[in-house]
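Going by TrEMBL, these are the annotated features:
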DOMAIN    A:4-79  domain 'TECR-like N-terminal'
TRANSMEM  A:84-106  transmembrane segment
DOMAIN    A:154-307  domain '3-oxo-5-alpha-steroid 4-dehydrogenase C-terminal'
TRANSMEM  A:165-183  transmembrane segment
TRANSMEM  A:195-214  transmembrane segment
TRANSMEM  A:255-280  transmembrane segment
Amino acid sequence: MRHHVEILDAKTREKLCFLDKVEPHATIAEIKNLFTKTHPQWYPARQSLRLDPKGKSLKDEDVLQKLPVGTTATLYFRDLGAQISWVTVFLTEYAGPLFIYLLFYFRVPFIYGHKYDFTSSRHTVVHLACICHSFHYVKRLLETLFVHRFSHGTMPLRNIFKNCTYYWGFAAWMAYYINHPLYTPPTYGAQQVKLALAIFVICQLGNFSIHMALRDLRPAGSKTRKIPYPTKNPFTWLFLLVSCPNYTYEVGSWIGFAIMTQCLPVALFSLVGFTQMTIWAKGKHRSYLKEFRDYPPLRMPIIPFLL
Amino acid sequence: MAAASATAVAKGNGGGGGRAGDASGTRKKKGPGPLATAYLVIYNVVMTAGWLVIAVGLVRAYLAKGSYHSLYYSIEKPLKFFQTGALLEVLHCAIGIVPSSVVLTSFQVMSRVFLIWAVTHSVKEVQTEDSVLLFVIAWTITEIIRYSFYTFSLLNHLPYLIKWARYTLFIVLYPMGVSGELLTIYAALPFVRQAGLYSISLPNKYNFSFDYYAFLILIMISYIPIFPQLYFHMIHQRRKVLSHTEEHKKFE
């Protein structure tokens, strides 16, 4: 028995589209595709369809006949605005810092005084910092291309401006001081740098291990969610104590970098990043608790036992 | 902008009925509990009184001196006390007894506190500038009306005059306050440059630098996008609030 679907604007209740002869096992994704045919400016990624104008968005996988609707389903449409893919956003926001930091490292003209153009720092730690910073962003780019499995395809377009301002701005600010001709190396010298480097490397390995573990939880092309557990890799044992050890390791990396460079802007960047990641970790932790009855009770969102 | 944002954004400290643009009869959400309401009434009464003290202080000093120059000194202490005290409003939003955004309230209070402490107090040479009087008067009138608006709203007895004043006087007071603020910051610049105030330069062991002079210039530039937004937001609110009341009055 075929269904009819009418799509109304959630704000104005205006009738936007009437689809007749829709198969009952059609998914929301298929309905979105049909809707795009009559309104090509609203491609599926920017459509939010819901049963109630103020309700939650229906998922692409939802099947029409499983929804609480009669043979004629009324769906409300909201335009999510221009969308951009997560992959695009990640690549752009990570390529920026990689490139920008190098501009300062090589002391490209017009940044520092002209007598410093294309000169090189005499401090070993400055060269090491460049390697670490560059490695970090190369790692992120490669993970975006080959490791991560995204639940959502897209995000609002304005996010790319916001995110790039944040990443690129901070990268420039940090790089300016670290590569400055008047840069002062760490107070405790090589000892401090060695310790910081150890922290950084351990946390980078840890972060990567978690990304791989999360990837293995989810088959390619799927959007399944499962509770992550420790694997044979010791870096993943942090899952025993924390819901989002990837964020824990990320904060650790930047603390390492801050100690290595003894640069206040790096410490501030770490603090801001920590604040944001804590918000995300708490959200993720709450979702886990809601979705899984048997979620391990010992786990905290981001800092073992504390936060 | 500190003058502008205080009126534009603060829907808070007024509980039910105190929200900008939220004309009577459309509210569904509950206000703060009875204890919180009592506290907020006291808070708003105290603030109204405080700014009245400042207003009276200005008038008396003017009459005594015979001129409007350098009146800042006569109200310096209550101004610092009551304007800084407004930081409590951030707390009110944070604990939820006032339905405003913590971020927006912080922004507006911090901009006021910044002008009082980081500019006027810190750069003694500007304290005799007439621009200081300009923003102090704008703030004083705005705050007396704003806090009494909240007080009456909390008591569910808001005289139309106060509502009208809150949504009308800003038309003059905003530009006046903004002018006073900008002129004061501008006047402070040479002294900041000369003294290297709040500035740190390289090299130092934290590998950090800060140029307060450049920072102040950035602040002044930020008024350009921010002030029109706040101003036109209030104009929009005015149309909504005052026309809605007109309609209600017709049916009485």
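A Cβ is built for glycine as well, from the same backbone N, Cα and C atoms used for every other residue.
Packing against the transmembrane segment (A:255-280) from elsewhere in the chain are residues 125, 128-129, 132-133, 136, 170, 173-174, 177-178, 184-187, 192-193, 195-201, 203, 244, 247, 301-302, 307: each is 6 or more residues past its ends and has a CB under 8 Å from a CB in it.
Under the criterion of 3 or more C-beta pairs below 8 Å, with sequence separation of 6 or more, the transmembrane segment (A:165-183) and the transmembrane segment (A:195-214) do not qualify as touching, having fewer than 3 such pairs.
Using DSSP to sort the residues of the domain 'TECR-like N-terminal' (A:4-79) gives these counts of helix, strand and coil: 17 helix, 28 strand, 31 coil.
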